[in-house]
Amino acid sequence: MKLKISFLPLFWFFLISVSSGQEICFSGFFKPNSTYDLNRRLILSSLASNVTTHNGFYNSSIGQNPNRIFIIGMCIPGTKPETCSDCIKGASDKLVQSCPNQTEAYTWPDCCMVRYSNISFSGSLLLMEPSQELYNTGDIRDTDANLTVFDRVWEELMVRTVNVASLSSNGSSSRFGQKYFAAEVASLTTFETMYAMMQCTPDVSSGDCEVCLKRSVGDYESCCRGKQGGAVIRPSCFFRWDLYPYAGAFDNVALPPPRPQSLPQPPLSLTPPVSDRANTTSKDGKSMSVGTIVAIVVPTIVMLVLLVVGFLVCMKGKSEKRTEVQAGDEITTTRSLQFSFKTIEAATDKFSESNKIGGGGFGEVYRGKLSTGTEVAVKRLSKTSGQGAEGFKTEAVLVTKLQHRNLVRLLGFCLQGEEKILVYEFVPNKSLDYFLFDPEKQGELDWTRRYNIIGGIARGILYLHQDSRLTIIHRDLKASNILLDADMNPKIADFGMARIFGVDQSQANTRRVVGTYGYMSPEYAMRGHFSMKSDVYSFGVMILEIISGKKNSKSYHIDDTDGNLVTHAWRLWRNGSPLKLVDRIIGESYQSNEATRCIHIALLCIQEDPADRPMLPAIIVMLTSSTTTLPVPRAPGFCLPSRHEPDYDGLDSTRSTSMHRLQI
């Protein structure tokens, strides 16, 4: 009873903290009272009744693209219908309040889950971020549990719960009658029991459920190990454990027999035998010999020295081992990501030319099909490529940790001898440049699609720079590294040149400038300085290419002077005719205010001074809010002034000459 009383306040604190920070809003934005907003309110208003009448799980959609909304709602097994209905309704109301104009959001309150999006997510683990970790403030050391026993019992419970949840692929195989759910318990001591609950949305596959839950358990261990309870929530899975049966699902779970505690060892006695020689007197009047004192002091000092030396050696060994483990983890984050070379050969028909779909400086890309029927894109790195093992490590480590619908998803990799292979999801519509610069394909990119592609790329870069666990600078953003899925949604690809920034790091230098000329910012191309702002510059160039349907590297003749696309766009802007940049194939079927605003944003992104360029959060607001006032753009980098145009923003003749030599 004493134990329960001491933990109850922490339990209620945990529930309060979960409820107060669990509505997660992300992705793009919509205008209030728009068609999408009305569809969202309509489908959420009936979700509670639909979930309860469909055995605790319901998914549906309403509307037509681009205002179509997809939704999922479900309750934890064992939840009473009225409780489930109240939870779904409360969660829906909170999402509307907390996410007033975000196109995607989800929440996992105490006993239910609600998620909506403007893109279909049913049947696929499209993303595992953003996630949220929550934990009790109490420490396991404050309990009566032996820490060694606790670690062993906790790990065993997590493994068992993941397996039970992910393998219950149909309702009949689960004692709860629902897919991908598990509620398991384990005895910690005679009086203490661990309770763990895991659940995935029923629309994902068993393998995706396992990946999602394992990632959540790993995240909890990284942030919160040693706490008295905690949870990790993701768009497609939920994990929580505690020292109390916090849900009705545990009512039907039999408690295991108590685990016996090992008895503590008695303290080591250092009392020496009494000697009659050279006695001295202690405080209580008893005599001690000098020999006795020496017999106590000398071994004690020796023991302390040995302990200190042993501790230092042990710490050094652990440090070296940890370094080795981290280096190994960069390649093998989990065994489930590894493919054998034979599997890759079979999937690609031994890398046949008929399956080859692309290539680059680091190797070639093949289309393949795994034995499961899943289509994949296989990137086989060249054995003589400059990227080598280090570039392979970078791409593999980065992409396995990144989960966003506007990033290409890495399914796994293969390392065998000199073979370095990455296995990605297959994106059917090839790359953006395939459509953008092909006169016969350009017509498939109407204004709505181009505008959505610009917004999707921006959200992907925002995730890399700010919303992922790592701060990542891509360094090679260009049209050929933007892939388009079946619905023409953009996905950023090719992370072989990406760099991870530390928490407080804002920029870095390199002697080896890599990337693609035409997309590089001036400070990176000339001095090797790169930062988030260098990715912003590349994004600005891509906006101009998407709007115009022309490559930046192409030469344009205006005002008796040749220049690249950046120069061309700047001159049109200065002449008051920016809409002349719009691709003629679009015709008049575009919003002139949207096009002008996009060109304005692009020019802000490609300004010569990195400090003048906006950050991605500001760019997202500029793209989605027509009421936001945009600053006046300054002259871009790599821009050659016209002979008839006066110097602007301090662009003197010396700098013009420099830019002309570096024009790309």
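Each residue, glycine too, has its Cβ placed from N, Cα and C.
According to TrEMBL, the signal peptide annotation covers 1-21.
Residues or ranges marked as domain 'Gnk2-homologous' in TrEMBL: 18-121 (among others).
TrEMBL lists 128-246 (among others) with the feature domain 'Gnk2-homologous'. Taken as a whole, the domain 'Gnk2-homologous' (128-246) shows an average pLDDT of 82 in this prediction.
Annotation comment: TrEMBL describes 257-286 as region 'Disordered'.
For 257-270, the entry in TrEMBL reads compositional bias 'Pro residues'.
The transmembrane segment annotation in TrEMBL covers 290-314.
TrEMBL lists 351-630 with the feature domain 'Protein kinase'.
Marked as ATP binding site by TrEMBL: K379. According to DSSP, K379 (ATP binding site) sits within a strand segment.
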Could you break down the residues of the domain 'Gnk2-homologous' (128-246) into DSSP helix, strand and coil, giving a count for each?
46 helix, 31 strand, 42 coil
